[in-house]
Amino acid sequence: MPVLFKLFIFSVLLSLVVAVPLTKRSFKVERVRNPNFKGRNGPRELLKAYRKYRMPVPQPLLDAMNNQSNGTTPTITSITQADTSESESLRLDATGGSSTAAAAGTATGAVTATPEQDDVEYLAPVTIGGQTINLDFDSGSSDLWVFNTQLSPQLTAGHQVYNPAASKTFKLLPGHTFEISYGDGSAAAGNVGTDVVEIGGVSVQNQAVELATKVTQTFIQDTQNNGLLGLAFSKLNTVQPQQQKTFFDNVLPSLAEPVFTADLRHNAVGAYEFGRIDNTKFTGQLAWIPVNTAMGFWQFTTSAFSVGNGQSVKVKPAQAIADTGTTLMLVSQSVANAYYSQVQGAKNDPNAGGITFPCNTNLPDLFVDVGGRYMARIKGDDIRFSQIDATTCFGGVQPTTSALEIWGDIFFKSQFVVFNGGNNTLGMAQHV
């Protein structure tokens, strides 16, 4: 009997321990303005957006980029000839990696993120296996890939580099590979392992980390960017033969709320926050929009717009993607035409490869429908993206060349956006 009684007491205590709920967490990734900001390049960002989503690239835009490379078109920021090719060749140099096992767990904290030159990508320190590198948070992709020591020193010069051999928790995934392309034709490919990944003090162990053994010239030259952290749905992950979960999907069970938020502002402090919705960052109530996850994006329907104080106009319903990894906002041709018809001096400029207007022109606000539940206001000042020359500016809103609309940072600068992984919805409201 005493033995049975002890077993009973032990089982009761065990059940009590198991029943204790895990502490749910939240953490913030703050960004600061890049002090090395040198100006924006509208045509380049338009080209990157088209290529990221495999959209047809109009010949005038390709010509404009070639003219920039040849120095025949005045621009604020020049680019390299490699950026104008239809697809860059991958540079490769592979050595080996090391492996040790990892386990599961979490923590909590906050980190600082830095906007990259051109106000294009918002970077944040991410610690992998005890090594900290700056990565781009991209809600339009689902891979976490990094520059690493499998690439030769010539290719990684100026970059922060992850060394799997120096990590005590790295473990190679035999036979697993990845290959992904972005933006302006840039691409990366290589092998895959797992390690402890920490953002803002919160750790995910056994997180898939994709190790580039091949990279294109754009990534090599961009020494501010050492890889990307995808925040779209895991079905977009490119790892083969078995897809891997994103950091967000892995950290989701430990979050106080199953969300991350984007509070990204023009020339001002903003942040990504995981596990919490900060009600002080927006006005009014959040509108909740169902997400179409079929393609793996944060995708929704849009079917109306208005310009300035004009009446709302219905248009053919289209699919749009909320993408923190794209700079411009790509809308349907009809919406772009209607908006710029209200902008004095606006034109489709073949020399610039997109829609331009006199820099001294006042721009009206653009209102766009989100899922039939919310009209988002894009401030006119945010649509004035970059200068082509002393008097001509490039529009931050440009026409898409496919059925998809891509709502990038131009959209996010006016909106507080919640990505809800619990019920696959987007919450939106105007910034405070």
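Glycine too: its Cβ is placed from the backbone N, Cα and C atoms.
Going by TrEMBL, these are the annotated features:
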- 1-19: signal peptide (SIGNAL)
- 65-113: region 'Disordered' (REGION)
- 65-84: compositional bias 'Polar residues' (COMPBIAS)
- 94-113: compositional bias 'Low complexity' (COMPBIAS)
- D138: active site (ACT_SITE)
- D323: active site (ACT_SITE)
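Here the active-site residues are D138, D323, and the one ringed by the most other CB atoms within 10 angstroms is D323.
In the three-state DSSP assignment, the secondary structure recorded for D138 (active site) is strand. Cα to Cα, D323 (active site) and D138 (active site) are separated by 7 Å. In the three-state DSSP reading, D323 (active site) counts as coil.
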